[in-house]
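Pulled from TrEMBL:
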ACT_SITE  846  active site
ACT_SITE  889  active site
BINDING   448, 449, 450, 451, 452, 453, 454, 455  ATP binding site
COILED    289-348  coiled coil
COMPBIAS  23-34  compositional bias 'Basic and acidic residues'
COMPBIAS  613-640  compositional bias 'Basic and acidic residues'
DOMAIN    65-294  domain 'Lon N-terminal'
DOMAIN    749-940  domain 'Lon proteolytic'
REGION    1-64  region 'Disordered'
REGION    610-656  region 'Disordered'
């Protein structure tokens with residue numbers, strides 16, 4: 001009795017209901033209590049299958065048995081185990097064994113975890129290909145029960161039921177209850193089956209004398225660890241409670257028992273315990289598995305503790321918050337959420353100005369509906385969002401406007417150089433507003449090339465009037481809901497940009513800039529251009545209805561300004577509602593002045609080469625910034641803001657060079673003039689600002705490199721002796737000039753058929769050559785011409801320009817017949833007209849005069865002077881028609897060195913309005929008929 005100890009003697013917790021895969025009958029069969037006598041055993045055997053003869057080491061030793069491959073874990077002797085079979089033939093073979101139900105259970109080497117290399121579950125683990133699929137050591141086990149899954153309970157081993165109808169079913173399965181007796185060695189596989197037939201040899205009983213202290217110590221450590229794991233893991237403790245007759249003093253049985261309990265071991269680690277014959281090594285391997293189980297149990301406890309702690313804290317906070325709410329409500333210190341919301345809306349309405357009657361009725365109805373709705377209902381959130389916007393609109397709030405002409409001109413001159421016509425138009429607009437007391441009913445459209453200051457001048461107008469500024473772009477906009485809002489029936493519905501502007505600015509009379517109005521889109525969601533007709537109509541927008549608010553909103557006090565690059569792309573009805581102010585662009589002197597006074601100091605300040613005097617802004621600058629700063633309580637009013645490179649910064653007088661920067665570090669006027677002429681010919685100054693930024697950044701690199709003594713590359717190194725960027729070293733900072741000359745032909749006079757025209761583009765004016773060549777056809781043997789009388793045009797011309805070539809060809813033939821009736825040039829010659837730079841698309845109605853002159857020069861063999869340029873459309877009868885862009889074309893003419901210009905007579909007014917310095921040195925002729933053009937161009941010197 002000293003060596004025989006059961007696990008209860010080591011102080012383990014009392015048995016608890018087990019949660020294992022074994023059935024209650026199986027548990028009762030194997031785990032009878034210590035107090036049962038023989039009489040009890042006899043009574044229980046009436047309801048249980050009879051025991052087979054012999055158990056443990058007394059079990060029979062059959063050399064040939066049915067092999068049963070298993071996965072996941074091997075079976076240990078004296079440990080009952082339940083497995084599931086899925087192969088029908090194997091199931092039938094075990095059922096047919098009747099009383100002689102002994103099998104050899106072997107762990108599979110391949111896919112021992114039950115999962116294939118592809119991550120797919122092994123469907124039938126009982127099938128093997130050869131003996132190499134099995135480990136050599138297995139367990140001789142007795143089948144105590146087999147039950148087909150899904151059948152009645154009596155369909156088990158020992159019953160005479162017919163299962164032949166299930167034999168061929170590949171999805172049949174059965175649960176087998178096994179009890180291992182002893183270890184066996186696999187000698188050979190006689191038949192791979194199924195079922196598998198194997199030849200085995202049985203292990204002899206391994207005796208233990210109990211005299212080794214190391215084994216005793218290991219056994220005690222194993223028992224101690226079992227106790228520790230049982231205290232941490234409830235499932236382990238429940239499983240342990242059913243093993244009451246394990247000989248804890250036998251190291252072989254103890255190791256098998258511990259290994260069978262662990263769930264964390266791999267199939268290979270469990271198989272190693274099964275194969276080892278040495279008791280000490282077997283105990284050590286079992287102890288390793290037990291320690292792994294302990295670590296997993298500790299980790300499980302930690303996770304459980306963390307989750308429980310979080311849940312406890314959340315519950316505690318919830319209960320405390322509920323108690324706090326109840327206490328505050330009893331004391332009258334707090335109302336429920338609905339009451340708080342309604343009170344907030346009432347406060348907003350009290351602070352608002354005069355609210356229209358129909359709007360107030362809608363708000364009252366919605367507040368009443370809100371008070372009756374449940375907080376968790378969907379309608380509650382919809383109504384709350386609706387009230388947020390209704391009460392958020394600043395009904396009746398108007399900012400006081402400023403109509404001081406002096407202050408307005410100061411702001412405009414501070415922010416923009418030149419643009420005198422634009423400034424005068426805006427000042428007259430402000431003056432009328434001062435006399436009338438309001439500027440309502442006006443929609444201004446600023447049209448001009450990119451980078452000419454359209455957006456920034458709108459900001460200046462807002463600052464001059466003392467209004468809040470709000471900008472949004474409609475470029476590419478194809479959804480009417482962005483203008484008029486979404487219906488409230490949609491999820492995520494919100495008002496349009498107009499109502500958003502009113503709420504954001506907090507006033508009913510802001511200045512709204514609708515940017516890129518010429519780039520409006522249209523799609524299946526509607527036509528935004530049509531929606532803007534109501535917004536921009538002074539006679540209709542006093543009762544503008546947003547789809548979301550669904551109440552009339554007076555936006556007649558809002559000053560709308562729009563920007564566009566091409567007026568021809570704006571729909572006629574929409575353009576008719578606007579007062580257009582055209583910004584023709586900056587000429588060379590204006591660009592140089594803007595660069596000197598604003599762009600250069602701004603860029604050098606951003607590059608760290610210059611700092612503001614005193615380091616802080618003056619009071620006047622702070623005041624100006626406050627006027628320009630369009631911020632509300634919620635943040636910036638300006639939305640979708642783009643940085644305009646043409647927007648000037650503080651003048652150069654307010655900057656000084658930073659510490660460590662040479663005083664000579666600057667950009668000279670000659671360099672700026674070269675930048676304007678040979679690098680940046682566009683109408684605006686955005687590209688000019690980019691080039692200046694490039695120069696200042698490179699200057700900053702050179703200053704820092706020389707201060708640190710760092711060697712730069714050849715391209716970045718300063719090559720001149722001075723820090724000043726001049727016309728001579730400009731190419732070291734911005735590369736070679738982009739434009740070298742406007743003249744394709746330098747010789748005077750030009751070759752026959754070559755004439756220079758003047759064109760307008762969105763980037764400004766440019767010189768455009770028209771080239772014409774004739775191909776004279778030979779005669780056939782009968783004396784008839786093989787060709788002649790045809791015109792071909794190239795140069796990627798648009799449809800309008802192609803029509804101009806046909807008209808010019810007809811006019812040229814008609815004029816040549818008047819000048820020289822005997823000439824048959826156009827009858828005998830094929831004409832090819834080309835406009836150089838064929839990769840650039842060209843179109844427009846202003847090249848007709850130039851085309852006629854080119855063909856007349858070719859037909860009469862009279863060259864045109866190289867200093868003559870012209871523009872104007874031609875009619876079929878030879879009338880010279882009016883064209884646009886005269887200022888830009890004059891700038892292009894001066895840039896190309898032209899001294900004689902021919903313009904349509906109807907453009908005399910446009911020519912008179914351009915600055916005098918653009919007229920100086922130009923011999924300008926105005927023509928009504930092409931005959932006058934012919935006399936000027938082909939006149940004898």
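Cβ atoms here come from the backbone N, Cα and C positions, even for glycine.
Features recorded in TrEMBL, as mapped to the structure shown.
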| residue | record | Cβ contacts under 8 Å, 6 or more apart |
| --- | --- | --- |
| 448 | ATP binding site | 454, 565, 582, 583, 584, 585, 683 |
| 846 | active site | 757, 758, 759, 760, 871, 872, 873, 883, 884, 885 |
| 889 | active site | 758, 759, 760, 765, 871 |
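Taking each of the binding-site residues 452, 455 in turn and counting other Cβ atoms within 10 Å of its Cβ gives the largest count for 452. Every protein chain shown contributes to the tally, and the Cβ of residue 453 (ATP binding site) ends up with 28 other Cβ atoms within 10 Å.
Just so you know, the Cβ of residue 451 (ATP binding site) picks up 22 other Cβ atoms within 10 Å once every protein chain is counted. The local packing around residue 450 (ATP binding site), expressed as other Cβ atoms within 10 Å of its Cβ over all shown chains, amounts to 18. Residue with the densest Cβ environment among the binding-site residues 449, 454: 454, by other Cβ atoms within 10 Å.
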